[in-house]
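For reference, TrEMBL has these:
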BINDING   B:Asn220, B:Met249, B:Tyr278, B:His314, B:Ser334, B:Arg335, B:Gly336, B:Asp375, B:Gly376, B:Leu377, B:Arg378, B:Glu414, B:Tyr441  substrate binding site
BINDING   B:His418, B:His482  Zn(2+) binding site
BINDING   B:Cys562, B:Cys565, B:Cys570  [4Fe-4S] cluster binding site
COMPBIAS  B:1-15  compositional bias 'Polar residues'
DOMAIN    B:19-89  domain 'ThiC-associated'
REGION    B:1-23  region 'Disordered'
Protein chains: 2
Amino acid sequence: MNKLNKQSDFQTPKVTTGPLPSSLKRYVQSERFEDVKSPVRDIILHPSSGEAPLPVYDPSGPYTEDNFTPDVEKGLPAVRAPWIARREQEGYEGRDVKPEDNGGATGDYLARAFPNVPQPKRYTGKIRTQLEAARAGIITEEMEYIAIRENLGRKQAAEGAAMRQADGESFGASVPEFVTPEFVRDEVASGRAVIPININHPEAEPMIIGRNFLVKINANIGNSAVTSSVEEEVDKMVWATRWGADTVMDLSTGKNIHNTREWILRNSPVPIGTVPIYQALEKVNGIAEDLTWEVYRDTLIEQCEQGVDYFTVHAGVRLPYIHLTADRVTGIVSRGGSIMAKWCLAHHKESFLYTHFAEICQIMRDYDVTFSLGDGLRPGSIADANDRAQFAELETLGELTKIAWDHGVQVMIEGPGHVPMHKIKENMDKQLRECGEAPFYTLGPLTTDIAPGYDHITSGIGAAMIGWFGTAMLCYVTPKEHLGLPDRDDVKVGVVTYKLAAHAADLAKGHPAAKLRDDALSRARFEFRWEDQFNLSLDPETARDFHDQTLPKEAHKTAHFCSMCGPKFCSMKITQDVRDYAGGLSDNEKADLEAMSEKERQRGMEKMSEKYAAVGGKLYVAPERVEEEKVTGPDHQ
Amino acid sequence: MNKLNKQSDFQTPKVTTGPLPSSLKRYVQSERFEDVKSPVRDIILHPSSGEAPLPVYDPSGPYTEDNFTPDVEKGLPAVRAPWIARREQEGYEGRDVKPEDNGGATGDYLARAFPNVPQPKRYTGKIRTQLEAARAGIITEEMEYIAIRENLGRKQAAEGAAMRQADGESFGASVPEFVTPEFVRDEVASGRAVIPININHPEAEPMIIGRNFLVKINANIGNSAVTSSVEEEVDKMVWATRWGADTVMDLSTGKNIHNTREWILRNSPVPIGTVPIYQALEKVNGIAEDLTWEVYRDTLIEQCEQGVDYFTVHAGVRLPYIHLTADRVTGIVSRGGSIMAKWCLAHHKESFLYTHFAEICQIMRDYDVTFSLGDGLRPGSIADANDRAQFAELETLGELTKIAWDHGVQVMIEGPGHVPMHKIKENMDKQLRECGEAPFYTLGPLTTDIAPGYDHITSGIGAAMIGWFGTAMLCYVTPKEHLGLPDRDDVKVGVVTYKLAAHAADLAKGHPAAKLRDDALSRARFEFRWEDQFNLSLDPETARDFHDQTLPKEAHKTAHFCSMCGPKFCSMKITQDVRDYAGGLSDNEKADLEAMSEKERQRGMEKMSEKYAAVGGKLYVAPERVEEEKVTGPDHQ
């Protein structure tokens with residue numbers, strides 16, 4: 001289905017609304033700001049559990065409220081409008097929309113424009129970005145909002161939290177027991193975290209990206225020259241946030257880029273990122289060498305005025321690095337990277353993104369757009385991981401980070417790509433070192449190239465690991481990666497896969513509240529509260545469907561057995577019996593059992609030792625000697 | 001669909017046959033043994049690639065030959081029969097099949113018996129197991145067979161292999177550049193590897209499990225009290241090996257266990273594992289406390305005579321450990337573990353598996369059945385990972401390993417389960433230490449509990465990591481884990497997920513031939529050889545389907561673009577242009593570029609340094625100071 005849709009049959013985009021199963025969205029009132037209320041989703045458990053609702057992080061916006069009817073033609077309520085109004089800023093007559101903004105689409109092929117485009121604004125004061133505010137010691141409404149939501153509904157550090165926090169390996173990250181607005185501010189001031197939020201995207205709910213916070217995930221959507229429509233992309237955006245996407249990137253590349261983006265932005269509760277060079281390329285009819293700084297600059301302003309929250313800028317793809325990719329197995333696979341490489345070589349000039357970087361900073365500062373410094377030379381295969389081209393670019397990104405910071409602009413850094421497991425940590429460590437701990441935002445990485453169709457999994461492995469090591473946001477990969485554009489189902493699988501990877505990373509880092517959800521779900525599982533198990537899961541619909549495929553009857557959801565063992569024998573049921581029994585043991589009896597255990601072990605070990613001695617200790621290695629043997633033993637190579 | 005099928009409509013199981021796309025099975029002739037021929041699958045590439053076929057490991061047996069028509073009622077050809085005939089062994093009249101062997105199923109509910117049951121054999125000489133042969137310095141046919149297949153079609157270590165091998169972190173494993181039969185023998189002799197292969201399963205193709213070989217995967221199948229049939233299980237077994245399962249466990253628990261297993265064994269090209277206590281429990285009508293050593297012993301002999309290659313034996317679930325699970329979130333989740341716990345407590349006696357362990361060894365030795373020492377106290381949730389109950393049992397498994405070795409019986413050790421990422425390595429290290437480097441065989445581990453429906457992924461993350469750290473075989477988890485029994489599609493997803501995890505582990509360990517497939521696929525991708533990309537992937541069918549959903553036309557499979565960017569702009573196409581251009585640079589020109597790069601960097605850094613100094617160096621941290629700051633900087637907790 002080659003869907004270069006005529007747009008005359010344009011329908012108002014339809015989006016999915018309503019709460020997730022057994023969930024209630026609640027807004028936590030700030031004590032500091034009257035008009036700051038942070039969302040949390042409470043998962044209501046069965047009364048038999050005796051447990052309070054479990055609060056979880058919720059990026060899905062008003063769409064998952066109980067009685068919210070979206071007006072997609074007007075867009076979401078501008079939650080941040082009053083905050084922005086209190087700041088030094090101005091509304092102004094923005095740039096006119098030009099035909100090339102939509103790739104020259106006309107007539108039937110021009111997507112309907114969003115009917116209620118707001119007037120653009122820009123900051124005008126001395127402090128224009130969250131970074132500048134933080135440095136000045138100011139706690140913004142956004143910081144307050146974030147502090148509340150990062151605590152996952154907790155009002156204070158839980159008792160015993162210190163213990164839980166200790167149960168993790170954070171590799172230098174310092175996730176606090178309890179997030180305060182002051183902590184948010186300090187992390188933003190240091191550059192270790194970013195709050196991507198354009199003055200012209202007041203509909204977005206503030207969120208933070210930094211390694212001392214919950215690990216975030218991004219979902220990519222966007223039309224291309226060969227497929228998709230505005231309606232589908234708006235639907236995908238809402239759908240992605242429903243399942244947990246913290247930001248969405250609109251990577252549209254075909255016609256109608258401007259109009260598609262406006263519909264997305266006005267209806268998006270999460271920050272939207274783009275790669276402006278994609279649109280700039282469309283404006284010069286897809287011919288990379290025809291790109292100019294002026295076209296790019298115009299595109300930046302266009303997107304700043306629309307409200308894009310962060311820009312991928314491939315300013316690290318420098319002329320002197322391009323030849324370093326010549327011997328690679330997969331050359332330059334980043335679209336933005338290859339555009340700039342082509343331009344540099346065609347003109348034999350340094351990249352205009354690099355030479356004009358300070359001007360880019362100045363433009364972005366006025367709207368508080370955050371940099372996502374692109375890794376245009378990232379490896380596209382296992383063979384190319386961690387090579388000189390990749391790392392040379394990363395060093396330049398570190399250099400550019402400091403220039404952006406110098407201009408008061410927030411920065412995060414994009415990372416690979418395709419990296420085998422043993423080379424992942426090197427990426428993280430080098431990024432922290434080169435980029436002054438600016439947040440890392442990685443695509444996967446994919447840990448093998450041999451499983452197209454399963455690259456959400458090859459990359460989910462790498463994502464969980466690099467998230468553990470310190471990556472602040474993980475860009476999802478869907479099952480269609482390398483093969484096609486993700487449809488709605490792929491978006492969901494990608495988001496859920498990355499949510500579980502991010503959560504696994506939070507757990508391993510020792511996030512003080514992450515384990516609460518695992519424990520709640522495991523208790524539900526152990527107690528055969530099937531409905532609670534479904535509702536506590538990242539994807540209740542799929543969990544329920546899978547259960548019902550084997551045991552469809554309603555009665556089976558309250559039955560104390562499952563399809564694996566059936567009703568007669570059930571390991572969990574037996575364990576409950578065991579628990580009752582063991583609960584009756586006195587401390588003395590327990591001590592006796594342990595003594596018995598130890599005595600028998602000693603006896604057994606002595607017997608074994610004699611036998612080893614008898615055979616000259618050659619056939620097998622006593623456990624205490626394993627370490628020693630590894631160093632001194634025979635080499636089997 | 002509660003499928004307690006009547007068996008009167010029994011059909012001969014149908015299985016999937018024929019080569020995988022663009023693949024040719026080839027048998028490599030041993031130079032040592034005339035009747036040893038090891039399989040390899042050649043993936044044929046498009047002539048335009050100029051590349052030789054890529055050989056890959058192939059556990060799928062004759063089913064994937066070009067012209068093989070299986071006779072499921074007779075079973076596979078007994079490839080090992082002539083080897084066994086040359087050894088000291090005897091055929092004998094085996095144990096009679098009793099009604100309780102099939103759980104008392106009668107009449108219409110009794111599955112049809114396999115029509116051509118062979119006479120059981122047992123070894124009678126001084127050397128009865130591969131371990132004993134290895135210790136005696138003998139290279140068996142099985143070892144030769146394995147040495148050939150482990151080299152993935154290579155005739156010798158590739159040039160430059162030493163370099164590739166160095167590109168990995170093996171955590172003490174010593175994967176050789178080239179596997180010789182002598183190396184196989186030495187690894188088996190040391191107990192670091194096992195060759196699970198019952199004298200009564202001559203249809204099985206020998207394979208090895210050890211951390212100095214390719215990482216293997218196991219697929220679980222089996223009926224239960226509430227669902228499945230013989231036909232489905234035989235089909236699933238063949239289907240699992242088609243996609244790469246190296247061994248299959250038959251975990252049947254309902255009626256017809258004996259007859260189901262016979263059909264599976266006679267038609268299986270891979271080793272089959274079971275948990276004999278499951279069948280023993282059925283023989284006492286599902287009442288754990290009615291189990292006796294005699295019933296268990298009888299079941300062992302029954303299964304040894306049928307040809308099961310490895311037994312999960314939960315002999316480490318000892319009376320003194322049971323109360324250690326009382327405070328767990330999910331108690332005892334292993335089915336075998338909870339059966340034994342229930343028995344121990346009901347009788348207040350030490351487990352008969354522990355007290356009779358030496359007798360179990362004696363029985364298994366006669367048939368060369370391998371131990372898979374079960375982790376009956378494995379954690380069933382993140383909360384219970386690495387607790388005292390789990391590790392106490394692991395210590396006992398180490399003790400039992402030595403007893404089994406002392407009896408000449410091969411041993412591997414089962415591992416968890418549910419473990420957050422930061423606790424995975426501790427499992428691996430402790431297992432190696434306690435169990436004298438006997439192979440580790442783990443279920444996952446799942447790295448979070450919150451994603452039922454996606455537990456192939458939560459566990460695939462843990463599996464790839466623990467495989468990298470040294471686990472020799474990974475037991476798959478399907479999307480249905482915790483929710484239902486896997487159907488055919490789930491089996492495939494589980495197998496492919498675990499194949500990619502095992503491969504990611506091989507890559508990270510630095511296996512000398514693993515990367516060849518990644519490189520071949522990446523070259524195909526870069527050169528737009530779509531068909532080669534599909535055919536080189538672990539699941540060509542899915543890769544092709546996904547591609548065709550967006551670009552269905554045949555012409556698109558030879559087109560030099562894909563659906564992500566479309567025909568006008570394509571990053572890979574541009575890179576090819578860049579490569580042509582960069583290829584024209586002289587060495588002098590390259591040196592100039594690098595000098596230019598370095599000079600500009602230095603200039604930039606100096607400029608930045610001055611600015612840092614101007615603002616007091618407080619706002620952001622110079623990269624070289626990051627390490628220092630981490631130790632001495634302010635604590636944000």
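Every residue, even glycine, has its Cβ placed from backbone N, Cα and C.
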**Request:** State the mean pLDDT for the domain 'ThiC-associated' (B:19-89).
**Result:** 97
**Fewest Cβ neighbours within 10 Å, where candidates are the binding-site residues B:Asn220, B:Ser334** = B:Asn220
**Asked** Among B:Asn220, B:Met249, B:Tyr278, B:His314, B:Ser334, B:Arg335, B:Gly336, B:Asp375, B:Gly376, B:Leu377, B:Arg378, B:Glu414, B:Tyr441, listed as contacts of substrate, what is the widest Cα spread in Å, to the nearest whole number?
**Response** 20
**Request:** Can you see whether DSSP assigns B:Tyr278 (substrate binding site) to helix, strand or coil?
**Result:** helix
**Complete:** Here the binding-site residues are B:Asn220, B:Gly336, B:Gly376, B:Tyr441, and the Cα closest to that of B:His482 (Zn(2+) binding site) is found at B:Asn220
**Fill in**
Listed binding-site residues B:Asn220, B:Tyr278, B:Gly376, B:Arg378, B:Tyr441 screened against chain A; CB under 8 A survivors are none
**Prompt:** Helix, strand or coil at B:His418 (Zn(2+) binding site), per DSSP?
**Reply:** strand
**Message:** Return the residues near B:Arg378 (substrate binding site) by Cβ distance under 8 Å, restricted to its own chain and a separation of at least 6 in sequence.
**Reply:** B:Val333, B:Ser334, B:Gly337, B:Gln390, B:Glu414, B:Gly415, B:Pro416, B:Gly417, B:His418, B:Leu443
**Request:** For each of the binding-site residues (B:His418, B:His482), count the other CB atoms lying within 10 A of its CB, then report the residue with the highest count.
**Result:** B:His418
**Fill in**
Judged by other C-beta atoms within 10 Å of its C-beta, the most isolated of the binding-site residues B:Gly336, B:Gly376 is B:Gly336
**Prompt:** Taking DSSP states H, G and I as helix and E and B as strand, how many residues of the domain 'ThiC-associated' (B:19-89) are helix, strand and coil?
**Reply:** 12 helix, 18 strand, 41 coil
**Request:** Restricting to the same chain and to sequence separations of six or more, state which residues have a Cβ under 8 Å from that of B:Tyr278 (substrate binding site).
**Result:** B:Leu251, B:Ser252, B:Thr253, B:Ile257, B:Arg335, B:Gly336
**Message:** Around the C-beta of B:Tyr441 (substrate binding site), how many further C-beta atoms are within 10 angstroms, looking at every protein chain?
**Reply:** 27
**Prompt:** Reduced to three states, what secondary structure does DSSP give B:His482 (Zn(2+) binding site)?
**Reply:** coil
